[in-house]
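Enquirer: Before I ask anything, here is the structure I am working with.
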Amino acid sequence: MSFRKVVRQSKFRHVFGQPVKNDQCYEDIRVSRVTWDSTFCAVNPKFLAVIVEASGGGAFLVLPLSKTGRIDKAYPTVCGHTGPVLDIDWCPHNDEVIASGSEDCTVMVWQIPENGLTSPLTEPVVVLEGHTKRVGIIAWHPTARNVLLSAGCDNVVLIWNVGTAEELYRLDSLHPDLIYNVSWNHNGSLFCSACKDKSVRIIDPRRGTLVAEREKAHEGARPMRAIFLADGKVFTTGFSRMSERQLALWDPENLEEPMALQELDSSNGALLPFYDPDTSVVYVCGKGDSSIRYFEITEEPPYIHFLNTFTSKEPQRGMGSMPKRGLEVSKCEIARFYKLHERKCEPIVMTVPRKSDLFQDDLYPDTAGPEAALEAEEWVSGRDADPILISLREAYVPSKQRDLKISRRNVLSDSRPAMAPGSSHLGAPASTTTAADATPSGSLARAGEAGKLEEVMQELRALRALVKEQGDRICRLEEQLGRMENGDA
């Protein structure tokens, strides 16, 4: 067996995480202490939102991404709820609209000013009332404008048309116990849910029917999570009967057995999965952990491939994930997380090391853009549509530090080169020959440059030969290793 086949090839094997410098963090934020397994954080290309401690009700902070450093205690908040805020979610089709769910049993939708808050925001644009217990889950539809899902501790899932404040669908008989989380599929035709009864369900919200169900997806009693992947499979996190944390991958067509099941460790914190459909990488963050593990999902067994772990010193109380269109593609950034500490928010950048300054097509396929593919009425009528994709190539900015600059200015003359007679036709390259270039000194200068160039070329040829020699040697060693493993040597 060749060693090349033993080590799985992946362009994400060398992804590494890097926290930003202290002056790029958001300091002195009083992160909420409410007991709820939410991310407590939501981010988009314009704003960072964090659920914070508030007296006399619930509040969350909305900061422009550029508002780093220490945040003044008097900085205005969004503070219209009468009970603690449990979950927040930015609208995928409008970077200035955010929804929140609260212990006061309401869902509120807020319009954030273009440049951020200058005074406390107490009046939502829409109040959605329909739950009888606290609302802990908020999820916008991925492709239909103004469609919002909410789930409460009354075990009810409601689908809303935010534009009309109308309750579109009420699903009140599908969950016998507390709902831990919900996740829309790629086009928003279905959603999956994880429930306290240990079941994972796939639900058609417009029909109000159960499409598939897996009882005891994870046998442990602690909270679990379920998310849809782009190809329709379901990824879950949970606990075993012995309280070991687990990951699993399921095929909705056959939920009898998981396609893959992995055990991680014996920590207590719930595992929060963040999925990137463009790269098929799942990032798993444990509440109370100080690490982020990431895995690549493939179509071949064993399906879930561990890539690496980012580890820091401080435990995380929550986590937000930047949408792909908010990343710095010129730095080969494939993910950015916003880690909540006790009193600050720290961005963590995930990067694929690349030597080339060119746009990396393989890292950045077309991704979901901010334009809705459907109106709410179209979705209600039964239509489905995939997200409208955009290219990130326009966001690419070449690194100025690596630009090659060549100057041929003559050190013997500050005068501009004279144009040769008859050489001024449109579009022709301007001549850079000067009178000084024709002198013996100019000839020597050019000869010196040519000599240096030849030295560089010789060194480059030698390096290429060395690389080829090393490559051949590696191949020979791999063949020897393969023969030894097969018992031939």
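Note that the numbers count up from 1, one per residue, in the order the chain is shown.
Positions of Cβ are set from backbone N, Cα and C atoms, glycine also.
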Enquirer: Need the matching range: Swiss-Prot marks coiled coil on one of 59-84, 85-110, 215-240, 449-474, and I'd like to know which.
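Expert: In Swiss-Prot, residues 449-474 carry the label coiled coil.
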Enquirer: Is it possible to list how many residues within the repeat 'WD 5' (211-256) are helical, extended or coil according to DSSP?
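Expert: When I sort the residues of the repeat 'WD 5' (211-256) into the three classes, I find 0 helix, 22 strand, 24 coil.
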Enquirer: Residues of the same chain, at least six outside the coiled coil (449-474), with any C-beta under 8 angstroms of its C-beta?
Expert: none
Enquirer: Looking only at residues six or more beyond either end of the repeat 'WD 4' (167-210), which have a C-beta under 8 A from one in the stretch?
Expert: 37, 128, 130, 136-137, 139, 141-144, 147, 149, 151-161, 216-219, 221, 223-228, 230, 232, 234, 236, 238, 250, 252, 255, 277, 376, 379-380, 382, 384-387
Enquirer: Cβ under 8 Å, sequence separation of at least 6 from the ends of the repeat 'WD 6' (257-296): give me the contacting residues as numbers and ranges.
Expert: 10, 12, 15, 17, 37, 39, 186, 217, 222-225, 227, 229-230, 233, 235, 237-238, 240, 242-251, 302-319, 321, 324, 334-335, 337, 348, 350, 363-365, 367-368
Enquirer: List the helix, strand and coil residue totals of the repeat 'WD 3' (123-166) as derived from DSSP.
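Expert: Helix/strand/coil tally for the repeat 'WD 3' (123-166): 0 helix, 23 strand, 21 coil.
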Enquirer: For the repeat 'WD 4' (167-210), what does DSSP give as the number of helix, strand and coil residues?
Expert: 0 helix, 23 strand, 21 coil
Enquirer: Within the repeat 'WD 1' (18-72), how many residues are helix, strand or coil going by DSSP?
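Expert: Output for the repeat 'WD 1' (18-72) reads 3 helix, 23 strand, 29 coil.
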